[in-house]
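Colleague: My questions all concern the structure below.
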Amino acid sequence: MADYEERRSLLGEEDEGSFAGRQPPRGAGKQMPAICDPSHLLHRVVVLVFMCFLGFGSYFCYDNPAALQTQVLQDLNLNTAKFMQLYAWYSWPNVVLCFFGGFLLDRVFGIRLGTIIFSLFVCVGQVIFATGALLNRFWLMEVGRFVFGIGGESLAVAQNTYAVNWFKGKELNLVFGLQLSMARLGSTVNMNIMGWVYSQVALMVGSTGYTALGGSLMIAGVTCLFSLICALVLGFLDKRAERILNKEQGNTGEVIKLTDVKDFPFTLWLIFIICVGYYVAIFPFIGLGQVFFIEKFNFSPAEARAVNSIVYIISAPASPILGFMVDKTGRNVVWVIVAVVATLAAHMMLAFTFWNPWIAMSLLGVSYSLLACALWPMVAFVVPEHQLGTAYGFMQSIQNLGLALIAIAAGSILDNRGYLVLEVFFCACICIALMAVVMLYFVDYLKGGDLNRSAAARAKLQKESTSDAEIKRRPSKPTEGELARLAPMSAFGLRNRYLSRLGAQLPDHCSTHLSSLAYRSVLK
Amino acid sequence: MAAAALDKRSGGVCVFLLSFVLILCQTLVHGAEPYKRQLSVQLYPNYNSTPPGGDLLHVRAVGDNDTLHFLFCSQGAPTLLIVHTNTSSSTMKVWPQVNWPEFWARNTSGSLTVEPQSSVLYSSAIVLSRVRNASSRPLLEYDDVNDTAEPTSGFFPPYELKDFHWLPLSLRSPTALLCGADPAFGNGSLCLELSVFDSEGRVQTLPRLLHSANSSQLDVWLDGILPRSSNSRFLLELQSVGGAYPLSRVDIRQSIDDEFTPSIFKVSQWVSSVNGSSDVLGFVQWKPVAYRHTQPVLEDATPCRHSDPQAQSGEAAAASSGLIRAFYSNPEVMGLNMSFGLAGEPFYNSSRFLSWTVLVGVGSPPVDSFSPMVITIMAVGLGTPMVLLLLGGVCVCLHKKRAATAATYEPIN
């Protein structure tokens, strides 16, 4: 409230200034129109639109290879292992960048310049990628994906930082949700439209082949250009708001200290194993899904793309709902077990039956969302807040490492051994995650059950520690997640909370702030 | 502490479980002694004489209480004849042996018989009669729902395999290679490779069909043929010839197992059965895939389709193939067309190579089963979390008990 008052008064002053210094749009009236007033909701809505579309391009283009899998394989005469390199090259830079994205944004570029630079990377990366296809030079395409990867993940961090900066204390939760839905929308639209784009380009060019492929990837690149424009507009609006409201430039607030790694508890390592084991069975699978559905279930290419995108479609509405549910019930470990078992069941259905894949993929979509909601917030329970940035950065980093390696492995398994063995391999990865989560359950139980406490028990504990805190003014052991949560929240902590609300997905990249959370792969 | 102990124990259990499952799988897979046949190969006429009209290869596969005779002949259209007899001593006779001219003349039936005649359980032959070359519609027509296996337009006159110039059969143990060409082929050729097996197994090149001791494998490839149009596709016309029960229907079996032929989830089998009963006497089995390179890998795969088998004239088949004429007096013939490549697939021109593999045999066609690797991974993957769950449960119980016992002694004050 006080904050708001202060801003009002600042706004008042600035208003005068702006009236004198710059021309308000109509030149008359003391008050700016609501849409131009940075403190007004309407203006923030406009900003929100740009914010949402900021990430649209990179989400759209990330899954271009999956959407055009048959065409890429045929036009460039690739085998699947090479095809999956396109995904691996996206992940490689992020093995390192997860630790530095936030630092670059905070200390080196600043949020505005940083966002523009990362958008440029995304744009240039996609253009290189498309040029590689146009010239039928596969190595150039790999370079393109690498450059694209440098920009993509960090752009997600920037997007989240902008969100926190503009909406902190207001509609932040909703904004994260909207950004997430927008990301899913980008992926879904890509999956379902690129085949059509390709056939139109092929008609125009006169034949299929790498020229048509390059052309359609160039067209996909328009979305990146669009996102770049959004970044420029956002930069301008943010600068303007800074001048008018006299506020500070947004900060990711993330602190990464690699030496923290040695202090990570055993449970956190188990969480890492779950994270890697689980996600490597999701994203590489989606990358390879289209041809799988065509070959095994005789789907038409359009239908195959649709069923492949159902995971994203489901997770858009399911993430907030499941996140709410997990928040209300607690017992995160049990939810993770449920999600992992459901995913295992879905993969086994795809591997060993001819049942309609809509069933398995829908189950996969729900369990994927559930896992995200239950798994990522657990990190906040097992490490103290000051190590959270490092923990999330580390988690994303090894996740990217896992994704890059498994993508290549999955491609060559498919080439040599076929889809059954590939699915069995994915099942094995999920089984590793399952072993880790079962161990996590018992370890946590023997340790006293922080992670698997019900929401009611957590609330009770929180109450007790609150009264404690009132006496002591400061909660005692920072290692206790519950207590740590009681401390006044930093922007980082706040975001973390939102993350936990929204589920992993957010942390992944939305929370980003959670710093490293910016991980796009989770959102994909 | 507790966690570490849990860890160590579960590691031991993993190893134990793994070795247990491995042994189990091995006994399951290799437990039964594989069925073996003794193979003997004979090429007629003798190696040193030039064949007047084509070679005849005879492979005798003697089992415990039956014999399979595989006859492969390039007299006219290439033909593979399988005769199944119920004795392990039956002999195939080119009869009368002296009268080769009659066999080569190809106008009398009965110049080739199996003695004793009553021992014949089943016989069936496959004739490759024609190769057709079709110019396909433009590539861009993606959504042509009626894109049937048999293109309806753009056919060039067929190449008749009976008129080909066949090179002498070359025996490359354990296979026999037969190549031939039409003058219009340029430098290209059509080759057939016959492999006969003494026991169950797989050939290591794609499509890695599972074969039994009761089957032989025929690889067909079109190498370097000068196509008559740039949008060329090929069709192969197959005829099956039988006495009483020719191969009548094509069953398509779906299989979840594509481990040996990646991305192919179907097996087509052209079977003969007695009056539609489920007992299968003989079969031709293939996977609906052809490959565009000599050393095939997954991305060289091109789909193929077959038409429905249709009855054809027995006389025409006998006229085109010397072996059919010599063995069958009254052949029943069914024919079908295999077409390679669908709309949207690269044309023959792109690689100038196409290979396709079929299995021809008697009895029921072999069925793929999961490999030990798949079973092992799944067993270990699913078993270990279960074991962990059990162990963890026990640990927790013990822990609780200990806590409870400790509690009974503790509250002194």
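Every residue, even glycine, has its Cβ placed from backbone N, Cα and C.
TrEMBL lists A:1-11 with the feature compositional bias 'Basic and acidic residues'. Residues or ranges marked as domain 'Major facilitator superfamily (MFS) profile' in TrEMBL: A:41-447. Annotated region 'Disordered' per TrEMBL: A:1-26, in sequence order. Annotation comment: TrEMBL describes A:41-62, A:83-105, A:111-135, A:216-237, A:266-286, A:306-326, A:333-352, A:358-382, A:394-414, A:420-443 as transmembrane segment.
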Colleague: Residues sitting near the transmembrane segment (A:111-135): Cβ under 8 Å, six or more positions beyond its termini, same chain?
Modeller: 54, 57-58, 61, 64, 72, 75-76, 104-105, 141-152, 154-155, 158-159, 161-162, 165, 210-211, 213-215, 217-218, 220-221, 224-225, 227-228, 230-232, 234-235, 238-239, 249-252
Colleague: Cβ pairs under 8 Å with the transmembrane segment (A:306-326): which stretch of A:83-105, A:266-286, A:358-382, A:420-443 has the most?
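Modeller: Per the Cβ count, the answer is A:358-382.
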Colleague: Looking only at the domain 'Major facilitator superfamily (MFS) profile' (A:41-447), what is the mean pLDDT?
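Modeller: In the predicted model, the domain 'Major facilitator superfamily (MFS) profile' (A:41-447) has a mean pLDDT of 87.
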Colleague: For the transmembrane segment (A:266-286) and the transmembrane segment (A:333-352), decide whether they are in contact, meaning at least 3 CB pairs lie under 8 A, counting pairs 6 or more apart in sequence.
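Modeller: Since 3 or more Cβ pairs under 8 Å link them, the transmembrane segment (A:266-286) and the transmembrane segment (A:333-352) do come into contact.
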Colleague: Does the transmembrane segment (A:358-382) reach the transmembrane segment (A:333-352) with at least 3 CB pairs under 8 A, where each pair is 6 or more residues apart?
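Modeller: Taking Cβ pairs at least 6 residues apart, the transmembrane segment (A:333-352) and the transmembrane segment (A:358-382) are in contact, with 3 or more under 8 Å.
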